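Trainee: Quick one: structure below, then a few questions.
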Amino acid sequence: MTSPRSQVLLSTCFVSSFTSKVLTPKYLSSTIPCPSSARMSVPAVTFVTGNKNKLREVSQILNADSSQTPFTITSQKVDLPELQGDPDDIVREKCRIAVGERSRALTLVEDTCLCFNALKGLPGPYIKWFWDRLGHDGLNQMLAGFDDKSAYALCTFAYSSGKAGTEPIVFSGATEGKIVPPRHSPNGKAFGWDPIFEPAGFDQTFAEMDKETKNSISHRFKALAKVREHLTKEFSD
Ligand SMILES: O=c1nc[nH]c2c1ncn2[C@H]1C[C@H](O)[C@@H](COP(=O)(O)OP(=O)(O)OP(=O)(O)O)O1
Ligand SMILES: [Mg+2]
């Protein structure tokens, strides 16, 4: 039986980043079952995001290995700004803001970059706007004048215990690959720029591979492994 102290209860906070209005907190459905003993005995770490696909992947990654710590996922709508600068600074500031919104609760946030080597790392943290405005074809065209189509996906989490005077702790994971003309599996809607990112060593884009494969090699998976290790230690001490 798993010791309650080694269990971490993770809830997620659903943030609308598409409006400037702060939305009324609203808990959505709990998607991952968790033993009731764990619910009562462990602190809740709230993952704050406005992106349903991130939320789904985080949930799938954390629950993929049943021998690992059990997690419960719930969601809540709040609002957070899009920030600019260095990825670590962005995610730290995002975390400080989220902690403020959450009345100093245990808080986890994430920021994702897509970095083109030919463009010295850009669009990087600005990929959201580039993808939104230019789409998959426009992102490909940005590299039309370069032989180097290599890129990397970077995921950076920041975690805060919410205690006054503490700084968020940052965990990063990157997956190398290249930018290709869009290809996705016929089933369902692809997540963001997945159709144009082909990870190194694979002949499929993120959007063509099954979710288990993406979730075992992705930038998010690598960063989340570090988050999980940290939280497991923090709550078992
Ligand atoms: O694995 C991914 N595969 C494909 N696309 C992805 C992935 N992960 C994030 N994305 C997209 C979402 C957003 O267009 C941009 C990151 O922006 P980013 O600010 O981190 O995300 P967001 O604003 O959607 O959610 P959040 O509220 O957590 O900030 O890249
Ligand atoms: Mg964002």
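Placement of Cβ uses the backbone N, Cα and C atoms for every residue, glycine included.
Automated prediction, rather than curation, is the source of TrEMBL annotations.
Annotation source TrEMBL lists ITP binding site at 49-54, LYS94, 111-112, 191-194, LYS214, 219-220. As annotated by TrEMBL, Mg(2+) binding site applies to GLU82, ASP111.
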Trainee: Cβ under 6 Å from an atom of ligand 2: which of these binding-site residues qualify? The list is THR49, ASN51, ASN53, GLU82, GLY192, ASP194.
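Mentor: With ligand 2 as the reference and 6 Å as the Cβ limit, the list reads GLU82.
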Trainee: Looking only at DSSP and grouping its letters into three states, which state does THR49 (ITP binding site) belong to?
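Mentor: In the DSSP reduction, THR49 (ITP binding site) maps to strand.
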Trainee: With Cβ-Cβ distance below 8 Å and at least 6 positions apart along the chain, what are the contacts of GLY192 (ITP binding site)? List them in sequence order.
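Mentor: The answer is ASN53, TRP131.
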Trainee: Please list the binding-site residues from THR49, ASN53, THR112 whose Cβ falls under 6 Å of any atom in ligand 1.
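Mentor: THR49, THR112, by Cβ distance under 6 Å.
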Trainee: Could you measure between ASP111 (Mg(2+) binding site) and ASP194 (ITP binding site) for me? Cα positions, answer in whole angstrom.
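Mentor: Cα-Cα, rounded: 16 Å.
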Trainee: Have a look around GLU82 (Mg(2+) binding site) and count the other CB atoms within 10 A of its CB, chains all included.
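Mentor: GLU82 (Mg(2+) binding site) is surrounded by 14 other Cβ atoms within 10 Å.
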